[in-house]
Amino acid sequence: MRLLHTTESHTGIFEITEFTDDRIPPYAILSHTWEGEEITFQDMHADAFHTKQKNGYNKVQRCCHLARAEGFEYVWIDSCCIDKTSSAELSEAINSMYRWYQEAEVCYAYLADVPSRKEFKESRWFTRGWTLQELIAPTKLIFLDEEWTELGSKADLQQAISECTRIPIGVLSGDDDIESFSIAQRMSWAAERVTTRVEDRAYSLLGLFGVNIPLIYGERETAFFRLQEEIMRVSDDHSLFAWRSPDNRGGLLATSPAAFIGSHNIVRFNPFDPFNTPFAATSTGIDLKIRFMGIGPRGLGLAILHCKEEGGEERLIALYVRDSEFLTMERFERVHSEVFKRLDLRKYRPSQYPMRQMIIQAGRLTRHRKSKDRGKCDSITPDIYPDATLMALMGFGEPHALLQAAERGLEDEVWLLLTRSDIEGNWRSPRGQTPLIYAAQNGHETVAKMLAARRDVIIDSKDDEGKTPLWWAAQAGHEATVKMLVEKSIDIDAKDRAGWTPLAIASENGHAGTVGILLDKGAAIEVQSPKFKQTPLLAAVRNGHEEVVRVLLEKGANTDARDPKGRTLLLVAAGRGDEERLRVLLENGADIEVRGPTGETPLLAAVRGGYEGTVKVLLEKGAIQSTARGWGGAVPSCSGGASRHCQAASPAWC
């Protein structure tokens with residue numbers, strides 16, 4: 001710490017001496033507002049004559065003379081005892097400043113704009129950010145007017161000071177520990193104060209909350225976000241979030257102390273537990289465990305803080321938040337931030353406001369213009385359900401309420417029901433179907449996401465027929481729901497009682513997009529149903545689903561798999577004269593000489609059917625002509641007229 005000697009040296013200037021922490025002598029300290037030409041650290045080491053000519057030197061001189069007259073050898077003045085050209089030194093000084101004012105023997109508050117005690121409360125000194133800690137920290141504080149005449153001490157003037165700052169007299173007198181006041185109350189003391197630099201609105205409050213952060217000038221409002229995040233590391237006081245401002249940018253953290261202007265009466269209050277659960281800042285927002293209650297459509301709810309207004313009824317402060325992550329109750333953003341909800345929990349059932357682990361967005365650094373639609377969404381009155389409607393939608397006394405809402409895809413009702421702590425997420429219908437099965441079966445993607453996000457919901461639950469939510473979604477070709485489900489930890493090849501996997505049933509029903517999604521996630525491509533003895537590829541071919549066939553072949557399906565009659569796809573295609581499918585199969589590696597259960601080759605099957613084009617394709621692809629005879633040299637009968645291709649394949653009998 002550098003201190004200014006109160007006696008001028010032989011050079012005619014006050015010298016600066018640096019002390020280690022264990023050797024700091026008693027000192028006085030100056031609190032003032034910066035004017036035009038303040039004397040800097042560099043000025044004190046420059047030419048004495050030049051330094052004395054600056055307007056700010058008179059302030060330094062008068063302060064030193066006053067301190068010396070009161071018996072102090074040293075005084076600390078921020079303008080000249082800190083080398084502000086060193087960012088490291090400036091950062092250390094600002095993080096230490098509250099302590100330096102606290103440990104000073106006396107603090108002189110020089111009010112350059114106050115000619116008499118009458119104008120005391122109008123001084124600019126009471127509006128500046130830095131002077132807040134300089135008012136609270138010192139044990140002894142003397143106010144001086146523009147002529148350096150004493151106006152009175154902090155103890156003498158505490159009533160007037162409290163009136164113009166709204167700081168309780170107990171804080172000014174030292175009778176009340178500053179830690180006994182909530183975060184919101186302390187923030188409110190700085191709400192109407194200003195600083196030249198935006199960042200200093202945060203940096204000037206470090207000592208008030210007993211925290212330290214690195215200084216990064218140029219970060220603007222980020223500094224105040226960082227301050228609040230650091231406060232969260234040392235305090236579990238929910239009143240940190242008890243602010244009101246239209247400028248919330250979707251976040252739980254305020255953008256400046258001004259947001260706390262109406263929070264001077266917010267005190268800590270926890271009627272549930274002796275301690276709050278700690279919370280932390282993460283890359284996605286503020287992670288905290290808090291009581292939550294759904295109150296409106298589109299995921300509107302209340303985050304219930306453990307604080308209330310001082311002197312009022314035991315109504316907790318609650319913040320309006322909206323479920324912003326597909327209504328899964330995992331991530332929220334604050335809305336309607338210009339108001340609080342004072343909540344009387346006696347009007348509600350405990351199951352309506354359970355503790356919930358959630359992430360609430362911290363806040364954006366840039367302002368976003370609201371669209372017309374978003375403005376309507378954030379209109380408070382239309383969003384909130386009347387109490388009677390809310391109780392009806394909550395479905396108390398209706399065990400099947402969640403099943404019914406999920407089946408119909410009623411997103412708002414499902415979400416509201418899931419906010420209850422006593423709702424059964426795996427409630428089953430008479431056929432064993434769960435709410436998630438109903439949602440998947442009917443393609444209600446958002447409802448399925450809500451349900452799948454719950455930890456108590458069994459994503460692989462099976463109904464009485466052994467069918468899972470994924471099976472039902474695949475069967476109906478609900479691609480978005482299938483895609484969502486396969487991202488979870490599930491058995492992608494789970495079979496129903498008939499042996500159908502999700503891939504097999506999707507192939508059977510011709511849902512090419514669903515087939516592609518399942519294959520991309522590793523579904524078994526060659527699995528056979530025990531009842532029908534066919535692979536997904538065989539099922540798709542049998543039902544004429546060309547796009548599904550193409551997808552399966554592109555993913556490497558076995559073209560030589562056999563149907564229940566022992567035939568491969570190539571044999572079937574040749575026997576039907578299906579040239580297009582024949583070409584596709586051959587291009588994907590089908591065995592051109594494969595034999596059926598009676599020994600016939602694809603060429604023989606085509607000749608038997610008299611499919612000239614098919615015979616031509618097979619010959620062009622290298623089919624062996626001699627295989628046009630069956631086992632034992634049997635000669636087939638020509639079902640059509642002799643053709644040159646038939647003759648080429650088997651001239652002996654055409």
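Even glycines carry a Cβ here, placed using N, Cα and C.
Curation plays no part in TrEMBL annotations; they are all automatic predictions.
Now, the feature entries from TrEMBL:
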type: DOMAIN; residues: 27-113; note: domain 'Heterokaryon incompatibility'
type: DOMAIN; residues: 223-248; note: domain 'DUF8212'
type: REPEAT; residues: 465-497; note: repeat 'ANK'
type: REPEAT; residues: 498-530; note: repeat 'ANK'
type: REPEAT; residues: 532-564; note: repeat 'ANK'
type: REPEAT; residues: 565-597; note: repeat 'ANK'
type: REPEAT; residues: 598-623; note: repeat 'ANK'
Message = At a C-beta cut-off of under 8 Å, are there same-chain residues at least 6 beyond the repeat 'ANK' (532-564) that contact it? List them, or none.
response = 499, 501, 503-504, 506-512, 515-516, 519, 525-526, 570, 572, 581, 584-585, 588-591, 594
Query = So how many of the residues in the repeat 'ANK' (498-530) end up helix, strand or coil by DSSP?
reply = 16 helix, 0 strand, 17 coil
Task = Give, as a single whole number between 0 and 100, the mean pLDDT over the repeat 'ANK' (565-597).
result = 82
Note = Checked against DSSP, the composition of the domain 'Heterokaryon incompatibility' (27-113) is 42 helix, 12 strand, 33 coil
